[in-house]
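Participant: Can you read through this structure? Questions will come right after.
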Ligand SMILES: [Zn+2]
């Protein structure tokens, strides 16, 4: 695969930055694409831009404001509180159609750029109830993209079966543990690195980090 070109869906967060390093080791050329859907924290886009610039990765930011127009959610509107879903309900951070649209547009970009591979950091293990992070959805979309463009794309999901601790372990194996810990943004309150420590994204990230460091014997 080292000869091939890949398009990566990139948010500047822990997961997709780990995927970016994985992709750089796996493919000859990586093109990153970030979607602007009116995130409350514009810093997310700045963070993604800065990382790509630093690593010399071709980066595209595509306007997806229609997503916020159609489906306002806790990630784009201040007045919507971030809440974990009750049993059987989706959390308020769920954006319907997000991965369907992002991956479809990444597919279009891959077609235009002559890339066979598409990479996304979705994960079924800690999927917070998001249906579009499941393996079955990705496999189904892969078939659909191939049929729609008469191509043979391969969607890669390096994190699909990892828990958060194992994602940190992967970052460490790639030699990028510190970089990812310090320079990525996962926090819903827009605080880079270890974040605010209180929002659901920070809690999940910290739990994984602590569990990984415990396994390593560092705490
Ligand atoms: Zn936070």
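Any Cβ shown, glycine's included, is placed from N, Cα and C.
TrEMBL: automatically predicted annotations, no manual curation.
Since we're looking at a predicted model, the values are computed, not measured.
According to TrEMBL, the protein carries these features:
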type	residues	note
BINDING	10, 11, 12, 13, 14, 15, 16, 17, 18, 19, 20	ATP binding site
BINDING	187, 196, 199, 202	Zn(2+) binding site
Participant: Would you kindly give the Cα-Cα distance separating residue 196 (Zn(2+) binding site) and residue 16 (ATP binding site), rounded to the nearest Å?
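Facilitator: Residue 196 (Zn(2+) binding site) has its Cα 20 Å from the Cα of residue 16 (ATP binding site).
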Participant: Given the binding-site residues 10, 14, 18, 202, return the subset with CB under 6 A from an atom of ligand 1, ordered by sequence, or none if empty.
Facilitator: 202
Participant: Among the binding-site residues 14, 16, 18, whose Cβ has the fewest other Cβ atoms within 10 Å?
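Facilitator: It is 16 that, of the binding-site residues 14, 16, 18, has the fewest other Cβ atoms within 10 Å.
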Participant: Measuring CA to CA, name the entry from the binding-site residues 187, 196, 199, 202 that ends up nearest residue 10 (ATP binding site).
Facilitator: 187
Participant: What count of other C-beta atoms do you get within 10 angstroms of the C-beta of residue 187 (Zn(2+) binding site), across all chains shown?
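Facilitator: The Cβ of residue 187 (Zn(2+) binding site) has 23 Cβ neighbours within 10 Å.
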Participant: An 8 Å radius from the center of the 10, 11, 12, 13, 14, 15, 16, 17, 18, 19, 20 Cβ atoms defines the neighbourhood of the ATP site; name the other residues of that chain inside it, in order.
Facilitator: 121, 184
Participant: Hey, what's the Cβ neighbour count for residue 199 (Zn(2+) binding site) at 10 Å?
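Facilitator: Other Cβ atoms within 10 Å of residue 199 (Zn(2+) binding site): 18.
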Participant: Return the count of C-beta atoms lying within 10 angstroms of the C-beta of residue 10 (ATP binding site), excluding that atom itself.
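Facilitator: Its Cβ shell of radius 10 Å holds 30 other Cβ atoms.
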